[in-house]
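The structure follows.
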Amino acid sequence: MVLLKWLVCQLVFFTAFSHAFTDYLLKKCAQSGFCHRNRVYAENIAKSHHCYYKVDAESIAHDPLENVLHATIIKTIPRLEGDDIAVQFPFSLSFLQDHSVRFTINEKERMPTNSSGLLISSQRFNETWKYAFDKKFQEEANRTSIPQFHFLKQKQTVNSFWSKISSFLSLSNSTADTFHLRNGDVSVEIFAEPFQLKVYWQNALKLIVNEQNFLNIEHHRTKQENFAHVLPEETTFNMFKDNFLYSKHDSMPLGPESVALDFSFMGSTNVYGIPEHATSLRLMDTSGGKEPYRLFNVDVFEYNIGTSQPMYGSIPFMFSSSSTSIFWVNAADTWVDIKYDTSKNKTMTHWISENGVIDVVMSLGPDIPTIIDKFTDLTGRPFLPPISSIGYHQCRWNYNDEMDVLTVDSQMDAHMIPYDFIWLDLEYTNDKKYFTWKQHSFPNPKRLLSKLKKLGRNLVVLIDPHLKKDYEISDRVINENVAVKDHNGNDYVGHCWPGNSIWIDTISKYGQKIWKSFFERFMDLPADLTNLFIWNDMNEPSIFDGPETTAPKDLIHDNYIEERSVHNIYGLSVHEATYDAIKSIYSPSDKRPFLLTRAFFAGSQRTAATWTGDNVANWDYLKISIPMVLSNNIAGMPFIGADIAGFAEDPTPELIARWYQAGLWYPFFRAHAHIDTKRREPYLFNEPLKSIVRDIIQLRYFLLPTLYTMFHKSSVTGFPIMNPMFIEHPEFAELYHIDNQFYWSNSGLLVKPVTEPGQSETEMVFPPGIFYEFASLHSFINNGTDLIEKNISAPLDKIPLFIEGGHIITMKDKYRRSSMLMKNDPYVIVIAPDTEGRAVGDLYVDDGETFGYQRGEYVETQFIFENNTLKNVRSHIPENLTGIHHNTLRNTNIEKIIIAKNNLQHNITLKDSIKVKKNGEESSLPTRSSYENDNKITILNLSLDITEDWEVIF
């Protein structure tokens with residue numbers, strides 16, 4: 001019943017919405033030459049059952065120094081007359097240290113093209129991994145002779161090839177054309193003809209590569225010889241031209257270059273990931289003529305909902321509910337088809353990229369968190385942001401001048417609405433020239449920053465990679481030869497906010513250096529002013545007169561790299577260069593940067609937050625924001641939110657209230673509005689809306705200790721902050737379809753925002769166990785072994801929010817104007833026992849703003865409640881605790897403990913005193929000022945330091 005209701009709601013939602021974005025600007029698969037060709041090829045191969053790719057068994061070699069298996073894949077093109085054509089593709093396969101499997105298929109080095117004046121490399125781009133993988137892997141790669149990556153450290157010399165066995169890798173052949181590799185719990189079978197891989201976890205088949213024989217690599221050929229190089233199942237549609245209206249000038253200097261491969265996820269009919277798309281968390285089936293999912297960073301103002309169209313960011317990472325994942329390491333335009341086969345309990349996927357190489361990392365494990373952990377270990381952990389940046393952000397396009405900013409600042413205080421960041425959009429600049437200030441509006445930025453700093457507040461300004469022609473900054477970019485070039489080698493000029501613009505080439509190392517120098521001058525501030533941060537928008541890149549709202553694919557970057565090859569990592573290169581600049585500038589204070597990017601790729605989580613882009617103030621966009629934020633969270637980039645309460649158009653009061661109630665749970669909590677909308681700072685609202693929004697924002701601040709602990713967990717393991725229910729309860733099949741209700745990390749906080757108008761109640765899904773309504777701590781129990789649905793009251797001023805039994809929440813419950821002013825406040829512990837009377841919770845504390853935590857300057861502890869006793873069990877304290885405590889950690893005391901009550905045998909009652917064990921001594925503490933009601937016990941006036949081990953016996 002739960003699943004049926006969800007499916008009905010999804011059908012109504014996605015069919016009722018009227019599209020806002022102009023669809024005709026973006027290609028459909030049938031209009032994309034390489035997508036159409038590969039779909040046709042797949043359809044024809046499925047009918048003919050032919051296979052043209054095989055492993056040359058004689059080429060297989062295993063270098064014990066590298067622990068990498070090398071081979072050659074042969075593509076045979078049959079000819080009616082003369083000899084068949086054979087094309088060679090070098091293949092490598094190896095294991096990462098976490099037992100993930102990486103394989104690559106490249107094209108044997110191409111002969112230089114005969115085309116005169118070619119300004120790009122004729123070789124396939126094989127360096128996406130250098131942008132996507134974390135530096136620790138890149139550094140390891142650079143210490144070896146392997147051009148891609150050094151995976152295995154143990155070395156062993158043996159006499160016979162088939163006896164090459166190490167503790168990492170065992171290799172054998174069981175038949176003439178089948179080879180077996182094993183690494184811990186993971187094993188791989190390589191089938192030579194037709195080429196195929198089968199990947200096993202603990203001897204269970206989890207993934208089949210090329211099961212459908214969709215492998216297709218459009219090898220290099222000239223237009224004149226093309227006819228002889230086409231397979232019978234192929235079409236020649238748009239191989240050497242692009243007839244799409246908005247990209248018909250693409251010179252396509254290397255002709256067809258696409259790569260494609262199919263992957264079958266066994267034992268699962270649920271797959272997730274490949275953000276960013278405005279659709280359901282569980283990826284849609286795209287068979288039967290539907291559009292594939294597209295990964296291609298573009299500017300989609302008022303994007304369409306319920307479609308597989310591309311958006312601002314791309315993370316080519318997908319996993320199944322059977323805890324198996326693939327990471328398609330390719331930054332080119334990419335399409336992904338998905339087909340669920342419930343009769344065989346498997347999911348078939350088809351990945352198609354315009355060019356580059358096939359570079360895939362396959363991970364397997366016991367559960368989905370392990371898969372996400374492996375992915376973020378490879379691509380880099382999400383950065384630990386300043387605690388201020390997980391507070392509330394107030395933004396609009398635009399705050400007009402310094403007085404406008406300071407008026408917002410003072411009015412927020414006057415109405416007791418906390419906030420930490422205020423933002424300046426495009427109009428703060430002088431004539432839309434980045435790295436400048438509009439002098440009559442912001443005559444003294446240092447003065448403005450100083451005033452904001454008094455209460456610990458921060459300013460974010462917009463700086464985009466497009467630079468107005470003919471001013472100092474763009475002139476230097478041109479003079480230093482670090483502008484992106486057109487296909488003729490001239491500085492590319494396109495249209496964006498300033499009019500005619502050029503684009504900085506941050507793919508270039510020297511371009512990054514020049515970009516950094518601009519920030520060094522722009523952020524030349526007194527040493528004590530470290531509260532200016534940056535927003536990189538429009539970095540897909542967005543080009544108003546460009547094809548599909550973005551860059552022509554035949555633009556040229558440094559080192560003869562074509563835009564076609566690196567499109568989806570351009571935005572990452574921009575924001576990483578910006579992050580490095582800010583980090584360097586603030587290094588004397590050791591301050592952590594905060595940075596927002598609109599475009600992203602795998603690895604962007606290392607340095608930036610993001611948001612869902614230019615949404616609209618209506619209920620459909622509120623509803624879709626939840627699966628969108630969830631999708632990024634499970635794909636390794638958790639620091640994301642959506643513009644509250646819609647960027648474009650004016651929201652109703654009801655929508656504002658409901659959107660703040662949903663936005664409270666976004667990891668990135670920002671209100672933003674278009675320049676043409678009415679002002680909607682929270683203090684301008686009429687009652688009761690103003691009080692509702694104020695209370696929501698205050699609740700976010702009360703929960704900052706728990707939220708910051710979640711961010712720390714994510715920075716260590718990649719664990720989602722907004723967390724799908726199926727990750728916490730994978731045993732229930734129905735939860736794999738739920739994306740309108742979620743947990744906050746592993747805290748036990750379970751929430752379902754109201755996303756439809758006129759609702760005063762909602763249906764929530766609860767697994768077995770006890771749940772406590774957050775505000776009252778009133779409890780109810782699901783005594784069964786299955787999920788139940790329960791009708792929950794949800795008037796406009798109430799969030800459907802529960803604590804799952806077995807968890808402990810840490811809070812600070814005093815109103816302060818910003819997060820900095822909360823540092824000296826004590827903690828409040830909320831204990832929600834499970835049906836056995838137990839509960840556990842974690843707390844992480846550092847200074848919230850510097851990199852001191854990387855030097856061990858933090859406290860990490862776990863609260864354990866059982867047998868009516870609360871224990872504090874520290875897992876880490878700083879070596880120099882006294883100095884660190886005084887200067888950075890500030891107040892580490894627990895002042896109040898709240899224990900939720902229930903009607904079970906483990907329930908407790910308030911006694912005249914409690915016992916405290918600390919430092920080997922036991923004392924009795926009176927509870928005269930404490931109190932009790934039907935739902936909870938509140939114990940006050942405590943002084944329990946989280947940096948010490950102690951027990952409290954109730």
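Cβ coordinates come from backbone N, Cα and C, glycine included.
From Swiss-Prot, here are the annotated features:
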ACT_SITE  D537  active site, nucleophile
ACT_SITE  E540  active site
ACT_SITE  D614  active site, proton donor
CARBOHYD  N114  N-linked glycosylation site
CARBOHYD  N126  N-linked glycosylation site
CARBOHYD  N142  N-linked glycosylation site
CARBOHYD  N173  N-linked glycosylation site
CARBOHYD  N345  N-linked glycosylation site
CARBOHYD  N783  N-linked glycosylation site
CARBOHYD  N791  N-linked glycosylation site
CARBOHYD  N867  N-linked glycosylation site
CARBOHYD  N880  N-linked glycosylation site
CARBOHYD  N907  N-linked glycosylation site
CARBOHYD  N941  N-linked glycosylation site
SIGNAL    1-22  signal peptide
Pop the Cα-Cα gap between N791 (N-linked glycosylation site) and N783 (N-linked glycosylation site) into the table, whole Å please.
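Checking the Cα atoms of N783 (N-linked glycosylation site) and N791 (N-linked glycosylation site) gives a distance of 17 Å.
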Quick check on the glycosylation sites N791, N867, N907: which one has the highest count of other Cβ atoms within 10 Å of its Cβ?
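Max Cβ neighbours within 10 Å, all protein chains included: N907.
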Between the active-site residues E540, D614, where is the Cβ count within 10 Å the lowest?
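Relative to the other active-site residues in E540, D614, D614 has the fewest Cβ atoms within 10 Å.
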On a simple 10 Å Cβ count over all chains shown, which one of the glycosylation sites N126, N345, N783, N880, N941 is most densely packed?
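The residue with the densest Cβ neighbourhood is N126.
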How many neighbouring Cβ atoms, not counting its own, are there within 10 Å of the Cβ of the residue listed as 'active site, nucleophile'?
23
Which of these recorded positions is closest to N867 (N-linked glycosylation site) if you go by CA atoms: N345, D537, E540, N791?
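Checking each of N345, D537, E540, N791 against N867 (N-linked glycosylation site), the shortest Cα distance is to N791.
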Looking at the recorded positions N345, D614, N941, whose Cα is closest in space to that of the residue listed as 'active site, nucleophile'?
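If we rank N345, D614, N941 by Cα distance to the residue listed as 'active site, nucleophile', first place goes to D614.
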Could you tell me the C-alpha distance between N907 (N-linked glycosylation site) and N791 (N-linked glycosylation site) in angstrom, no decimals?
26
Looking only at DSSP and grouping its letters into three states, which state does N791 (N-linked glycosylation site) belong to?
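Note: N791 (N-linked glycosylation site) is in a strand by DSSP.
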Provide, as an integer number of angstrom, the distance between the C-alpha atoms of N126 (N-linked glycosylation site) and E540 (active site).
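Here the two Cα atoms are 21 Å apart.
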About how far apart, in whole Å, are the alpha carbons (Cα) of N941 (N-linked glycosylation site) and N880 (N-linked glycosylation site)?
28
